[in-house]
2 protein chains.
Amino acid sequence: MSVRDEFDFIKKVQPATLHHSGLIGIGDDAAIFSVDARFEQIVCVDTMVEDKHFLPTTMSPYHIGYKALAANISDIAAMGGIPQYYLVSISIPSNWKESELLEIYDGLKKAGDEYKMDLIGGDTTSTHSKLVISVTAIGKVEAGRRLLRSNAEEGDVVFVSGTLGDAQGGLDVLLEGNKEVQGQNSYLIRRHQTPTPRVTLGRILSQFTRVSLNDVSDGLVSELKEISNASNVNMVIDSETIPYSRALLEYNNEKALKWALTGGEDFELVGTISKENWKQLSAICEKENIPLSNIGYVQRGKGKVYIRNKNGELEEVSDSGYNHFFS
Amino acid sequence: MSVRDEFDFIKKVQPATLHHSGLIGIGDDAAIFSVDARFEQIVCVDTMVEDKHFLPTTMSPYHIGYKALAANISDIAAMGGIPQYYLVSISIPSNWKESELLEIYDGLKKAGDEYKMDLIGGDTTSTHSKLVISVTAIGKVEAGRRLLRSNAEEGDVVFVSGTLGDAQGGLDVLLEGNKEVQGQNSYLIRRHQTPTPRVTLGRILSQFTRVSLNDVSDGLVSELKEISNASNVNMVIDSETIPYSRALLEYNNEKALKWALTGGEDFELVGTISKENWKQLSAICEKENIPLSNIGYVQRGKGKVYIRNKNGELEEVSDSGYNHFFS
């Protein structure tokens, strides 16, 4: 598409109705929204690059839009926040059709509507190279409630939501390219293409006084390393307690552990909470039907992560977040 | 640079000190900042693409960073706001050196420090194609103070700050490539590479009850069309009152008008204010040493812009924002 048609294009993607009131959205130099002094503002940005984060064989334009926003919502969930607004900057190569671009915005809108988020701005530019989409998401969290990576303390329970490795499994299914296998693994494919951020769990966690938290965007090991480093503690994880979906184990039992540890993009929440609060948290999650697993504990230390393998042996995870044992 | 070094790189660009207190910046899933209920929040995003918005011959990495943030600050100024924070998403091709990327962040920091803005987040990705930098800027403005494009009314004075056409003139000097000419036109080059957003003027304008406002990013004609359309009025501009710098007239007297009307990137403020308030505004600007010109007036109408040429003839500007008369 030529960006000479930018004004027409923006009109087509401008939301007809808004979830929030009293705001200035698309159509001026900048967006303006009102604030609530009981809350603090959350903001994050996430970028997806054609050929790097998606291929025509793995993601339709709709999926690109959905996932670009979902990844951002997941970051807001990891801060315990309520998603509110988003802005989209898109750099468009001339070989992309307007219909494909509108599908990207359909995907964005679908993810946005699920969390009552309004598209309030952005930038549309043309490029001589690949499509780049950069989404800025804005949310809010009650003042003083901060689910930081640096909050872990000795004795804490390490928890993770849902199941891990599914997104990487789904990507593997897609790259394999076998239509029959793809038909049998639609769950894993959905986990790759339209991930579900854990906003409700983030909100539950925000009510506890001390929680460390990350979303699983880069793989479990990488997220645990970040928490351990930020909190200056060690962690001990039991590989036998890592949660998998039945779909993943049926698709590739052998690679499930590796994908869980290093695959990433599951957009589950991983973190730590005191032993006392763990009981209360797991009771609430059971009631709310949110799967949550206790996968280990926090030790005094200096940013190291240990994983106990199925033979009961402890292994330190390397700094690159990648363990030879699991490769 | 390889984005395998992402963590090291982020540490290098993380600010050592912050202008604002009580915030969570780089180093968690998202940034968090506190709000003030007397204000509303402003947010905008602006993207620059290699080979499209800059060339190695026209912009150093430092200039790319400076201008990427300055363009965003200009959007905040056009809403009457106070700049506060920014986030940077950058997609990095492998042929860019880390030293060049650090220079981009030096330029960002220079522009940010001038307006007490803190870098609070971003995203760093690698790309197989060209460098793309997308900056999200956040500011605030007193609740209820909205300098919108839709605020123009019949009888208003049309004003513009500073001088127009300089940025396009500077680009012309750079593309010309003659070192001697470049040495003689450093003012125009600076206007292209390190533009100065009109934050102080935006703040002054925010104190008036009704002002329509835009920043000159796409050229005077395009900005006036936006205000006319949004306000559903016509505008009559006198070409003889358009302000030029002496540097531009000395460099290319003949093209000055065309560059002023369609060149863009001057990042001046253009808008309308009632006749009664114009006197007060121009008195304040004179005292504050901010150049401000009365270039025309608002008429009842339907989104048309007319320009009176030097022979006194009125000409309607075409919808594309480009007038054959001036080409």
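Quick reminder: no glycine exception, Cβ is built from N, Cα and C everywhere.
As given in TrEMBL:
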DOMAIN    B:27-141  domain 'PurM-like N-terminal'
BINDING   B:D29, B:D75  Mg(2+) 4 binding site
BINDING   B:D29, B:D75, B:D215  Mg(2+) 3 binding site
BINDING   B:H53, B:E265, B:Y322  substrate binding site
BINDING   B:Y105, B:G122, B:D123, B:R149, B:S217  ATP binding site
DOMAIN    B:153-305  domain 'PurM-like C-terminal'
BINDING   B:D218  Mg(2+) 5 binding site
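Secondary structure of the domain 'PurM-like N-terminal' (B:27-141) per DSSP, as helix, strand and coil residue counts: 34 helix, 50 strand, 31 coil. If you compare Cα positions, B:H53 (substrate binding site) sits closest to B:D218 out of the binding-site residues B:Y105, B:D123, B:D215, B:D218. In this structure, the CA atom of B:D218 (Mg(2+) 5 binding site) is 6 Å away from the CA atom of B:E265 (substrate binding site). For B:E265 (substrate binding site), the nearest neighbour among the binding-site residues B:D75, B:D123, B:R149, judged by Cα separation, is B:D75. Counting only the Cα atoms, the space from B:S217 (ATP binding site) to B:D29 (Mg(2+) 4 binding site) is about 33 angstrom.
Ranked by how many other Cβ atoms sit within 10 Å of their Cβ, the binding-site residues B:D29, B:D75, B:D123, B:D218, B:E265 place B:D218 at the bottom. Of B:Y105, B:D215, B:D218, B:E265, listed as binding-site residues, those near chain A by the criterion of a Cβ under 8 Å from one of its Cβ atoms are B:D215.
Largest CA to CA distance in the ATP binding set (B:Y105, B:G122, B:D123, B:R149, B:S217): 32 Å, whole number.
Around the Cβ of B:G122 (ATP binding site), the same chain contributes B:I26, B:L87, B:V88, B:S89, B:I90, each under 8 angstroms and 6 or more positions distant in sequence. When the binding-site residues B:D29, B:D75, B:Y105, B:D123, B:R149 are ranked by how far their Cα is from the Cα of B:D215 (Mg(2+) 3 binding site), B:D75 comes first.
For B:D29 (Mg(2+) 4 binding site) paired with B:D123 (ATP binding site), the C-alpha to C-alpha distance reads 11 Å. Taking the Cα atom of each, B:D75 (Mg(2+) 4 binding site) and B:R149 (ATP binding site) are about 12 angstrom apart. Neighbour count (other Cβ atoms within 10 Å of the Cβ, all protein chains): 20 for B:H53 (substrate binding site).
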